[in-house]
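Taking it in order: structure first as structure tokens, then the write-up.
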Amino acid sequence: MEIIILTSFLRCVLNDNRVACSYAITAGVLAFLQSFLFLAFDAYDNIIISQKVKSVILSLDLTFSIIWSCIWFVGFCFLANQWNRSAHHYLLGTSSARASISFAFFSIPCWVRNSHFSVSTPVLSRANTPRVPGLPSPEGPVG
């Protein structure tokens, strides 16, 4: 027998567990902000001259990609578990719960692929560093 809840109060459809809903929202927002930050780093890649800074950004990208892969895996398992344990059936919100579980699942290979891109991207050699007039050469003074 299905119990359909009719109420005007906001409830988390994932087993009435606010932590599950908060986890999904928080992880999504933080992953978006981190992606936007590294997109800005990619846009300004030609302006960054220091190889050390470029390699630090690349290692941070790799580290965060691996961390987000794990966070989305844990999130998928947690959300799917809470959805499976949910005893109530709501008129609204069930498709949102399914969408958040699907998003968590499909985020895992995206972040793993991003990790792979970070590993496979070679750090630029000093010879390929763009020259900016007026700044010293990375190889030191010439001649």
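Residue numbers in this text run from 1 along the chain shown.
Even glycines carry a Cβ here, placed using N, Cα and C.
All TrEMBL annotations are machine predictions without curation.
In TrEMBL this protein carries:
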- 1-123: domain 'MARVEL' (DOMAIN)
- 23-44: transmembrane segment (TRANSMEM)
- 56-81: transmembrane segment (TRANSMEM)
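Tertiary neighbourhood of the transmembrane segment (23-44): same-chain residues 57, 60-61, 64, 68, 71-72, 75, 78-79, 100, 103-104, 107, selected by CB-CB distance under 8 Å and a gap of 6+ residues from either end. Secondary structure by DSSP for the domain 'MARVEL' (1-123): 88 helix, 4 strand, 31 coil.
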